[in-house]
Amino acid sequence: MIPVRCFTCGKVISTVWEEYQQRKAAGEDPKEILDSLGLDRYCCRRMLLSHKETVDELYPYT
(Lines of atoms letter the chains of each structure in order from A and count residues from 1; the text may use other names and numbers.)
(Lines give C-alpha, C1' and ligand atoms only; values in the text may rest on other atoms or scores of the structure.)
Protein backbone atom coordinates (compact mmCIF):
# COMPACT_ATOMS: atom_id res chain seq x y z
CA MET A 1 0.00 0.00 0.00
CA ILE A 2 1.54 3.25 -1.12
CA PRO A 3 1.13 6.13 1.32
CA VAL A 4 -1.43 8.71 0.24
CA ARG A 5 0.89 11.66 0.90
CA CYS A 6 4.62 12.29 0.97
CA PHE A 7 5.88 11.91 4.54
CA THR A 8 8.01 15.06 4.29
CA CYS A 9 6.08 17.70 2.35
CA GLY A 10 2.52 16.32 2.33
CA LYS A 11 2.01 16.31 -1.45
CA VAL A 12 -0.47 13.69 -2.69
CA ILE A 13 1.52 10.92 -4.36
CA SER A 14 -0.86 7.96 -4.36
CA THR A 15 -2.57 9.21 -7.53
CA VAL A 16 0.54 8.57 -9.65
CA TRP A 17 1.54 5.18 -8.21
CA GLU A 18 -0.25 2.94 -10.72
CA GLU A 19 0.94 4.89 -13.75
CA TYR A 20 4.48 4.84 -12.37
CA GLN A 21 4.33 1.05 -11.89
CA GLN A 22 2.94 0.43 -15.39
CA ARG A 23 5.50 2.62 -17.11
CA LYS A 24 8.37 1.18 -15.06
CA ALA A 25 7.27 -2.36 -15.96
CA ALA A 26 7.27 -1.32 -19.62
CA GLY A 27 10.97 -0.49 -19.29
CA GLU A 28 10.85 3.28 -19.13
CA ASP A 29 13.53 5.17 -17.18
CA PRO A 30 12.30 6.01 -13.63
CA LYS A 31 13.79 9.51 -13.82
CA GLU A 32 11.82 10.30 -16.97
CA ILE A 33 8.63 8.88 -15.47
CA LEU A 34 8.92 10.95 -12.30
CA ASP A 35 9.73 14.09 -14.30
CA SER A 36 6.68 13.62 -16.54
CA LEU A 37 4.41 12.94 -13.54
CA GLY A 38 5.42 16.27 -11.99
CA LEU A 39 7.31 14.88 -9.00
CA ASP A 40 10.10 17.44 -8.76
CA ARG A 41 10.88 17.28 -5.05
CA TYR A 42 13.35 14.60 -4.03
CA CYS A 43 11.26 13.76 -0.97
CA CYS A 44 8.31 12.76 -3.18
CA ARG A 45 10.53 10.93 -5.63
CA ARG A 46 12.05 8.76 -2.91
CA MET A 47 8.56 7.76 -1.75
CA LEU A 48 7.96 6.02 -5.08
CA LEU A 49 11.50 4.85 -5.73
CA SER A 50 11.97 3.18 -2.36
CA HIS A 51 8.48 1.73 -1.87
CA LYS A 52 8.19 -2.05 -1.53
CA GLU A 53 4.86 -3.86 -1.40
CA THR A 54 4.75 -5.97 1.76
CA VAL A 55 0.99 -6.43 2.11
CA ASP A 56 0.98 -9.74 0.22
CA GLU A 57 3.83 -11.06 2.39
CA LEU A 58 2.07 -10.10 5.63
CA TYR A 59 -1.42 -11.24 4.62
CA PRO A 60 -1.01 -14.88 5.79
CA TYR A 61 -0.32 -13.66 9.32
CA THR A 62 -3.57 -11.75 9.78
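Glycine residues also receive a Cβ, built from the backbone N, Cα and C atoms like all the rest.
Not measured: the values here are computed from a predicted model.
Going by Swiss-Prot, these are the annotated features:
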- Cys6, Cys9, Cys43, Cys44: Zn(2+) binding site (BINDING)
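Neighbours of Cys43 (Zn(2+) binding site), defined as other CB atoms within 10 A of its CB across all chains, total 14. Neighbour count (other Cβ atoms within 10 Å of the Cβ, all protein chains): 19 for Cys6 (Zn(2+) binding site). Taking every protein chain shown into account, Cys9, Cys44 are the binding-site residues, and of these the Cβ with the most other Cβ atoms within 10 Å belongs to Cys44.
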